[in-house]
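Novice: Here it is, the structure, as structure tokens.
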């Protein structure tokens, strides 16, 4: 049952991801929060930034895992979320009064909890699925994109007219999910890897991915239509059933038993393939060394004026999976190119999602904010699933994962320039879908890229260092949007008073912001392309060695 237990752990991680993406629904209650606190758009942007600022402390979760078991870190994350969101709900219900600064700190605490949940899931996938790590990560992380759609179903099942309910759900649902997942996480880690297990894992992942696609379509279609509270409860029960369905799938429960039935003479990798693994590592190191010598010789033969060649070859990564400490990570040019690509891509889209409520409101679609939030969430879900494409298509078309990252960033500027041209509902829907797909792919692929470029054992800390750009981007990009928004409030023909607060109406409220965001996202594409050129040799080397091992 050791092999089946790790599949149960993967399913538990999908549950955790599905119900802890609480940052996606900020747009659903941000207008109410702004009204209750009596704050400006700039101050509301600071609260949005505060949630992202909590990710700056995400590295603490990686450090905590060095001293505490996973289930303890999981419960700490759950209680941080309960306090952070729970007290905000009391404030928005006017049950208690807290000054703006304390609400800011609560947002930081809530954002930090999300990062801790994510780290737990990353570590679970990395530890239990070393052979198919990227697929496990993309499958688990994809369900984080379904959070807004799930929370929308839960809120409609209880009271569709109360947007403040999202805050209460953000605090309670992750805690209940964490407690439900504890018995599964207490299972011992599988120690034995059979020779046919990699192929069997691949087949199981294909089945689980197909089921995940069906779950995503279910949520996307249902959140595009209106329904009563009674219908919402039935639909919610269907969504929960789809989440629980993998637990009773024969391929998951009987993994080891099926292996014994159809392959009774399989051999343990620990017993017989150790020499092959050592040979593979030695081969990779020899090729990396030869590449390094070739690089040095070629540099000497080139003219001094060839600065582009020098930039692409200098101190580039020659070996995937090499462990990087935090200090070594900060000295890598590849890391900073990666950092810039994420900063101008995934982080920028996060700010868009945080402002989606105000954007919809200013364009005249206030009553459909939940639809746009659910659309972004569902498309983010599919984008995260698509990040497994490099692994499923490896035998047909093999590209470096950094190349896929560059391709994934292309829809982002297209979406922003589309919003510059049109403010229609169709344009807003198309743009939201595009950035959802793009950001979902980036968020999921980034964990695998961090693991590949800078070492799987250091991924828990290194990835949290990478996402320190999120609070910085949230501050800068959000402040840009807020300044443009506030400037348009000075124009009487563009101001509407709703619930006691001024609201900017019209395309001019965000059109300049979209232009700036579109240009910035182009910088992210350029940075990711440079990262691809610098890491292509390392990925090619890994693929050649994998093919050599397959032939021998």
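Even glycines carry a Cβ here, placed using N, Cα and C.
Bear in mind that TrEMBL entries carry predicted annotations, made automatically and left uncurated.
What you are looking at is a predicted structure, and each value in this text was computed from that prediction instead of being measured.
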Novice: According to TrEMBL, which listed range is transmembrane segment: 38-64, 65-91, 254-280?
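Specialist: Going through 38-64, 65-91, 254-280 one by one, TrEMBL flags 65-91 as transmembrane segment.
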Novice: When you get a sec, could you say which of 207-228, 295-316 is annotated transmembrane segment by TrEMBL?
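Specialist: When 207-228, 295-316 are checked in TrEMBL, transmembrane segment belongs to 207-228.
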Novice: Please indicate, using numbers and ranges, the residues of the same chain that are 6 or more beyond the transmembrane segment (369-387) and have a C-beta under 8 Å from a C-beta there.
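Specialist: That would be 21, 24-25, 27-28, 31, 134, 138-139, 141-149, 152, 209, 212-213, 216, 219-220, 223-224, 353, 356-357, 360-361, 404, 408, 428-429, 432-445, 448.
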Novice: Looking only at the recorded stretches 166-186, 335-353, 466-485, which one has the largest tally of CB-CB distances under 8 Å to the transmembrane segment (427-454)?
Specialist: 335-353
Novice: Quick one: mean pLDDT on the domain 'Nodulin-like' (6-250)?
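Specialist: The average pLDDT of the model in the domain 'Nodulin-like' (6-250) works out to 82.
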Novice: Using a Cβ-Cβ cut-off of under 8 Å, list the residues of the same chain that are 6+ residues beyond the ends of the transmembrane segment (335-353) and lie near it.
Specialist: 23-24, 26-27, 48, 52, 329, 359, 373, 376, 405-406, 408-409, 412, 435-436, 438-439, 442-443, 446, 449-450, 453-454, 466-467, 469-470, 472-474, 477-478, 481, 517, 520-521, 523-525, 527-528, 530-531, 534
Novice: Count, for each of 97-123, 399-421, 466-485, the Cβ pairs lying under 8 Å from the transmembrane segment (514-533), and report the range with the highest count.
Specialist: 399-421
Novice: Could you tell me what the rest of the chain brings near the transmembrane segment (135-154), counting residues at least six beyond its ends with Cβ under 8 Å?
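Specialist: Distant contacts of the transmembrane segment (135-154): 10, 13-15, 17-22, 24-25, 28, 118, 121-122, 124-126, 128-129, 166, 169-170, 173, 202, 205, 208-209, 212, 215-216, 219-220, 222-223, 232, 235-236, 239, 243, 370, 373-374, 376-385, 387-388, 391-392, 436, 440, 443-445, 447-448, 451.
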